[in-house]
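Have a look at the structure below before the remarks.
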């Protein structure tokens, strides 16, 4: 059954009217109403349900197919009388969101009466960081290790003369979160459909910023553990793998956004913002582009950081392996002299002074002194 939420701005009121319906004809009628600006939100419609809505609006079958394709790349395009776009919004998994909330609350916690300044907050922050590490390692997760830490909600849209038809793949991104992007815009009718699209994109980019900040903080924690010999190796590798996987998924959502922005705004129709809000839209989309460029550059730097962490980790592993080999070789050298001496005289060859106490002393010195000398020499060079 079709699940549609219609938000309409009319000339009679500055506040939007919100209603829900499962009738495709009501959705089409709302989008074709010349006296209102409409945002229609469809939650996970089937191909037939979206066709019932899209066909009367003149949407092509291929556009409808792309809007619900499970692995569609973020993109946007201008057509003769409408525009289309596909973006991905990131929302943290419930256990990740809980860990982030604990971490943020811990960093704001005041110190106790008997504690040094910020000691309580620092201790709580350390505990929260440990919780986040366990989430990354799959020990506290509600899903198994290796599954995505952030839900990727596909949001497809059709920008029509009378409003926007938006299609969400799931409810991880809520309508309330989308509507938050419209607050502070003033009279939405002056900005038109492209003002509503900006509100959505602003919410999407803010979510990408939050995800990038999360990965940045966790990669910094990895860097701190990199030279800590007491850090658990398997846990370190699990966290590094999870972060690298999340960063790859994040970059897939972020990198195409610049092209999406260009296709939607720089190639916009001439009547976009014709209600008197064109200058305001120019400023809003310029600010949005700045945010997109910032998060893109941030993910680039994180990619370099995680690559450096991996390379340094491998180098340290090689160094520690060399240290182990040095110690093994050193002890082998120490043991070789006594082995040679005892092995030689163990072949029924009498050692000097065999029948006297002095001979025993000489035999012991023959075994111990060279071994001790080799041990001292290797110890001095740092091999042991």
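Just so you know, glycine gets a Cβ as well, placed from its N, Cα and C.
When the ranges 1-22, 23-44 are checked against TrEMBL, the one recorded as region 'Disordered' is 1-22. Shown for the region 'Disordered' (1-22): DSSP residue counts in helix, strand and coil, namely 0 helix, 16 strand, 6 coil.
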